[in-house]
Amino acid sequence: MTDTTAPVHGRGTAAEQGARLREAADREMGRVPHAGDRKAKTSRRSSRRISPQESPRSSHPPLVDDDKQRRSSKRNSRHHQAASEAAEAPFSEKTHVGTAAAQGAAFRRGEEAELPSPEQTREARERHLRAAYGETPKLGKGSPVKPHFYKMTGIDNIALLMEDDSYTTSCFSIYMFKTELDIETVENFFEVLAETYPKYRYVVDLDPKLSKKKEKETLRGMPGTSPPRGEFDAGRRTRYGKGLKAGSLLSPARWRFVPDFDIKENIKHIAQCPDGGDDVALNKLAGDFLGSHYDYSKPIWGALLVNGLNTSDGGRSALMIKIHHCFSDGQGMIQSYHAALGALEQGIGIRDIQRKVDSNTAQNKRPGQREDKPTAWGTIRHGFHLVRGLYFRSRKSFLYQEQRERVAGRRYCHSKGIDMNDIKMIRKAYGNEKLNLTLNDVALAILARALRIASERVDPSRRHKDKRVAIFVPISVRPKGDWSLSNATTGSIAWLRFEKEEHPDFEAQLSQVHREMGRIKRSYGPKILFKVFNAASKHRITYLPNYPLLRQFYYRAFREYHVATNVPGPPKPVRFGDHEAYSYHVLPPSSPGKSTMAIGMISYANDFSLAVSCDDVPEFAHLAEEICQAFQDAAEQIIEAANQKLASSKEASKAQ
């Protein structure tokens, strides 16, 4: 076939491309096609263009890419050379082996038709996505492009090192729908998500030496393929601590790109929820999903679609998603989901969505919200406060009633939700020039009150001697505009007021929470811990809980606190295709210590809700449900008191 007669790849409709291929095959066989064949074989069905079109609004500078660095390395030079040669090669019939037209031409020549290539399979998948969403899935990359093989950071690696048979670090989210969400829509969403954020196709290689062997196998193989993987891989374990053996003594675990990974392998579907699909049945499924461990032969995330629900608030289906904390922190997880969903719904590039969110976030910053600046003296005081709270006090609430090791199972529940206007009203009622309350202060005050109420309801016979409850509050150090799937989170512990009160003083409660959060803001401690753990945890030899005595020292602190996060969610309901999520809840990982809880608070579509996860033991059989109910009750108490305070302030102003 001559260059002048070769059809141009990616030009015209599908019918026109097929016609050109058939004409080329006919010429090679000596046949003369009729002049009207091309026009006669076109149809309305095939009149859509199949070449992916970029969004007209996505004409922006590309993200920072380290592709040049990868090309310059010897290890990846052959891979990039092969890819560039394939891209620059002239078009011929052989490059389109596997298409319907090429298979037909081969059949007419009496040859055996070959199967489609991985590239053609990918193009077919994109056409399927376009048909499902009505828009092109080419949304652009949502985060900087990474090499196909690269080392983990220390923060990523420590999330693996803390894992053992009874504990895993998972960021969890659940969407509730009043319609029956179908599995095809979920699969299509994750296909788009993996194209936009390629990290959803990266696997963790715990052994760096084995990872380098697989890297060489990948470079020797065909572009777009990866070495075959084995059966379920629970991950190797250390000898003493029985924790995950991530990396070597002097090198962290590695990320490896698997371009041919089928996203459907990580998505499970329950067509009919057992036990009638009520709230209890849904919470049990969520707890089991949370407690399950990852398969390290696949990307370490998972999704579960549950249909056939009949919950008290009208839920008919639910979509649960979890990712390992080494994959990303909770903020990165939430950003990736909703940026992709927003781009699909609006039909624009994902960078446009990201810039819009960044702009809205900057505009919503309250003046004076971060008036406290860290100082050296504040860091010293905060350090003494941490040591005294973790090692000279002992938690007496929410404990196992029998001596046992931490169990692997989890229990789950989420609350109904509070109107965000009521949260803002509480801040307005109790805030003043001296007490510059934030929404986070109000949320933590309600949580502290709810935990006290729940502790008395779960076990009214025991004496509750705790005056404070320790809460680990995650703090984001992610730079503005950073939409990568990475770990940019540190944190510190706040001791919140936990005293029993016949007539609660909500103003005193809010003031105490504000002081505790101010103590953290005036300390360099969280940033220092982030840098120390990031440097030390790159090497397994410096992970101190793997050694006797030091393990007891660390776990003495781990069992003293619960983890509670408060993150802003989408201001409007998100949609998966034609299905709108009326409720959305999130959870951070819990502490590695036993009998500790993970608590997630999020604002979504003008509702503020709570989700709780705890150990699956008999004494905690109703703990998660009681905390969620107590959260609603505590919020109503504070809202009522805030309304009374505002009313009295208005009367006093009128009297003057």
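Every residue, even glycine, has its Cβ placed from backbone N, Cα and C.
Unlike curated entries, TrEMBL annotations are predicted automatically.
Of all ranges given (214-236, 559-581), TrEMBL attaches the label region 'Disordered' to 214-236.
Helix, strand and coil counts under DSSP for the domain 'O-acyltransferase WSD1-like N-terminal' (251-393) come to 67 helix, 23 strand, 53 coil.
When DSSP labels each residue, the region 'Disordered' (214-236) comes out as 7 helix, 0 strand, 16 coil, counted as helix, strand and coil in that order.
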